[in-house]
Structure formats: C-alpha cells, structure tokens
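In what follows, a structure is listed as structure tokens, so that the remarks can point back to it.
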Amino acid sequence: MRPRRGLDPGSVWAQRLRQLEQQLRAKEERIVVLETENAALHLKLAEYQGLAGRSTNEVLQLYAARGGQQKLQRSSLVTQLHRAIKRLKQDLKSLHSFALELSKEFRRQSKTCLYQVLAAVQGVQLQNEAMQMFQIKAFDLEQSLQEVTERYEKEKQKRRALHNSLVELRGNIRVHCRIRPLLPFDDAAGHLISQDRQRNFSEKVAYAADDETVLVKCNRPGHASINKTFQFERVYNDSESQDAVFADVAPLLTSLLDGYNVCIMAYGQTGSGKTYTMLGPQVEGNFAFTIEDESELGIIPRATQEVFRLISEKPPGSYWVEVSVVEVYNNEIFDLLAKDSYGKVFSIKRDVVTTREGKSDVPLLTHETVENASEFLHLVKKGLQLRVRHPTLVHAHSSRSHLVVTLTITTIVFGDNFGTSWEDEQASQRLNKDVSCTFPQKTRDSKSASSSGTSSPVQVEATEKIKQVKTRLQLVDLAGSECVGMSGVTGAALRETSFINRSLSALADVLGAIAEQRSHVPYRNSKLTHLLQDSVGGDAKLLVMLCISPGQKYLTESMQSLGFGTRARQVQRGQAKKKNFPMPSKAK
Ligand SMILES: Nc1ncnc2c1ncn2[C@@H]1O[C@H](COP(=O)(O)OP(=O)(O)OP(=O)(O)O)[C@@H](O)[C@H]1O
C-alpha cells in the first residue's frame, strides 16, 4: 500500500497496523467462540453417541426379545399344524379305506352289471332269433291270410251271386242298409227329453260290423247293454261314398233295360239320410244337381245318367224315356209335373185306381218325355220345388211327403215272340192304333204314354209285327218315420206326421201280408201302398235302401227301421217277371 500525497506515511502505516491488529483480535475472539462451540458440540456428540450406544443395546435387546416371541409363536403354530396334519392323515386314512371299499363295491357291482348285460345281450340275441322266426312265421301267416282273404272274397262273391240268384228266384226284396255319419245336429235333443238322457245322445250306437252286418249297441237306461246284429244284402258304413252306394244299385239298371221293372225305395226315420241317398245333399233346402259336384249326387240323378248311357249303346230310336213325379202327402197323390194353361208347373191332386188286370194306375198323370239326364234333372228339380218340406226339431229340411219319381222306358220290339203282360198289350194296341207304320216325332210337352213318340222316326212295314215294351224304374224317397216327442211337431205338422207314420205302417202291413202269403194284401189301406202295389207286391226287382242314424238318440227309431228291413228281406214274391225282349243281355 502506497501512502497518499500530503499524508504522513508513518501514520498511515500505523493506522494500517492497528486495523490489522483489530482484525486479528476479532479473529482470535471468533476462534475462541468457535472453539467453545466446537467443544460444546463435541460434548453433545459424545452425549448422543452415548445415547445411540444405549439405543442400539435396547434395539438389540428388543430384537432378541422379539425373536424369542416369534420362536414361541412358531412352535405353537407348528403344534397346531401337527395336530391338523394328524387329523388330515386320519381323514385321509379313512378316506382311503372308504375309497377302497367303494372301489371294491364298484368292482362287485360292475361284475353283477356285466353279468346282467351279458345275460341281457344273450336274451336279446335269443329274442332276435325268436323275432326272426316270428317274422318268418308272420310273413307265412300274412301270405296264407292273403290267400285265405282272396279265397274268402271269391267265396263271398260266389255266395253273393248264389244269394242273389236265390233272391231272384224267391222274389225276395233286397235290402241294403246305409248308416250315415254322426252330424252336428245329432247333439241337439228334443225338448221333451230329460236332461240326464241328453248326455249320451250323440254317442254312436249303430255300426257296420262288416259289409253285410249292422251291429247295434242297445244300452237303454235301466237295462243291461246288449249287442244286436242284423244281416242285409249290403251294409254301408258312415264313410262310404255315394259312388259306393250307387255301384251296388247300377246292376239293377241293366236289368231294367233287359226288361225288368225295378223299384228302389229309401226307408228310414226322419233325418237318417234318405233324401241325401236318393237325391244328394240339399243347399238351403234346394238340390244343386250340378254335374260339377258329381261325387255327391244321389241315386236318382246317377240312375238317370246310367239309364241314358245304357240306352246310348242301343240302336238309335228303339228306346224312349218318360218321367213322372208324384208326391204322396197326407194320404193324397199330387202330380208334381202338371202344368197350368200358361205352362207353369203346379201341383195337382190325382187318384190311384186299380185296373181290371189288378194293376195300379194314376189316370191323367203327367208323363214328360226326356232325351237326356239334364232334361230329366231339370224336370225333377221343378217338381221338387213343389214338394212339401217343413223344419222339425230333428231335421231342418224334413220332407213331409213320399216322393215317387218314375222313369218309364218304352222299347220298340220287332218279331213274333211277344209277351202278354197288360202293359205290353196296352202299349202294343196303342201303337197299332196310333201309327200303323210310322212312329210320330216326339212332341216336347207330350203327356202320358199315349202321346209319347220316339226320339227319331222309325219307318216300319205295316205287315211287320211291332210291339212296345214298357219297363218302369220307380225311385222312391219315403217320408221319414218319426217319434212325435223327438221331432217336436204340433198342429198341421203333427197331422202330417201321423199320416206319414200311418202310411209307413200300412207299407209294413202289406209286406207282412205278402210274407205270410195271405190271400188279401191290404194295398188299399193307404195311397202309398196302392201306388206302389206293382213294385212291392208285383214282379219288380225291389231294393229297399234302409237309412239309419247312428246316434243313441235315435235308437228306438233305428231298431224299428232295422226290424222293417229284416221283415222286408223275408218277403218272397216269386221270381221277378221279365218283359219279352228280342235279345236280352245277362240280367243282374
Ligand atoms: N251319408 C251322409 N253323409 C253326409 N251327410 C249326410 C249323409 N246322410 C245324410 N246326411 C245329411 O243329414 C241330413 C239329413 O239327411 P236327409 O235330408 O237325407 O234325411 P231324410 O232321411 O231324407 O229326412 P226326412 O225324412 O226328414 O226328409 C242332411 O243335412 C244330409 O245332408
């Protein structure tokens, strides 16, 4: 350091020295303080070190104490574990022995099962062998059954043919029986029937046991149930179609063209299916007769079609067909094809008379000539619109009259070998009187046989012997017999019912008299029997189509109808008489 100008250098240096001395003293004091602090810190350090030493010992002691405790705990755990293990071992042991037992049992049972399975397998094998043997036997049996069935069918056909021949020879009335299905209205009961009887009403009690046997379960309240059987030429079950019914009727139509009179008559209680069988189903009380629904057509439309088919196979012009439609209502005969002066069809009363030859005849009855089945159906439909029908509790469209549709077939026969029946004679006389050598052209509204003509003119030599032979197909839909209580009719309908029942019992009386070969047959007791006299008692082939309602409700009426059919079968009228025809085909 250099002294500044004007100042004494010695004092500067002295000052400087003092300053330094002061600084030195301060430093020394500071050192002393620091040394003191240092000593104090040392002391504290020593103190803390002592403390740390003690703490370490304590920690060590604590560690040592904890280790002991843990040891203790571990040893008690070990003991517990030991115990548990011991128990487990015991359990294991018992499980093991149980498992051993089980496996032993299992093996024992498996063995038993195995034996059983083996036995079953052997059994099955034996059964299979037996089954195979049975199958072979069954096959053999089936074959023999088929052979027997075929033989049976052949024998049955032979028997039927023989039976038919016998029926022909004895002039028996053939009886076919049709059991209709149960229908919804069978559930409804007449109002006079007690409630507890209504329950079983719809139960079916009449069955076709086979195609010749009717089985009726007669379980009347308070009586033991009895099964009764009735045999007929043919029995139709409730599923048999109109086709099946007609198939058995068709051969009679061949007979018709071969020269036999034929009558097919439906008999049964109200609602049993007579009109359905004879005409077909009614739609709201009208007959459809539509050819589109041919499967439902009844015997009358089918028979007409068949007659015209058979005629179409004959020489043209040699046959012509007339139709008459009458109803017997309240014991009066009504002509349903009569026309008023305007040509409108209306019902007119006619009478039935017995001719000198003992035949029945309805004078002035309208006979319309028809050329085909459609014309015939058109006329019948018109006539049916006039037929009396009323609803009853049993049947909504019940016919209250007997309907008789007659087809008269006139055949022109040339030759010497003529028969001498009354109809033939009359026809012949008419022909010889009216036309000596030419048959007149058919007129549309020709009435009665006297004004009928051939469908085409036939020229014949005046010298040649000509004869008309008439055969008649009568198709009868009888009114239904009925129990007044069940049909619930009153007033005029009750009167109708009593006429219906009386005429049907007159029919039964007539059959009874013929069956017993009584000298007097009471044909004239009713207009119905008088009208049908020639068919029922004469030489016609007569088929009664018995119609049966299958329900319990109609049991009494069904039994009555079956009784009627059985009695009818017993009637022997002598062989049906055939009109003289030049070239007969085989009669059925
Ligand atoms: N075989 C059948 N299959 C189906 N329905 C049938 C059969 N027979 C009858 N019916 C039905 O039963 C009802 C009564 O039949 P239908 O009119 O022919 O009785 P009915 O004996 O002529 O009675 P009624 O004497 O009172 O005139 C009709 O509705 C008819 O369609």
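Note that Cβ sites are derived from N, Cα and C of the backbone, with glycine treated the same way.
In TrEMBL, annotation is done automatically, which means it is predicted and not curated.
Quick caveat, the model's predicted, so the values are computed rather than measured.
TrEMBL assigns the feature coiled coil to residues 138-172, out of the candidate ranges 138-172, 418-452.
As annotated in TrEMBL, coiled coil covers the listed stretch 17-44 rather than the other ranges in 17-44, 45-72, 101-128, 297-324. Residues THR270, SER272, LYS274, taken from the binding-site residues GLN269, THR270, SER272, LYS274, are distinguished by a CB atom under 6 angstroms from ligand 1. DSSP assigns SER272 (ATP binding site) to coil in the three-state reduction, outside any helix or strand.
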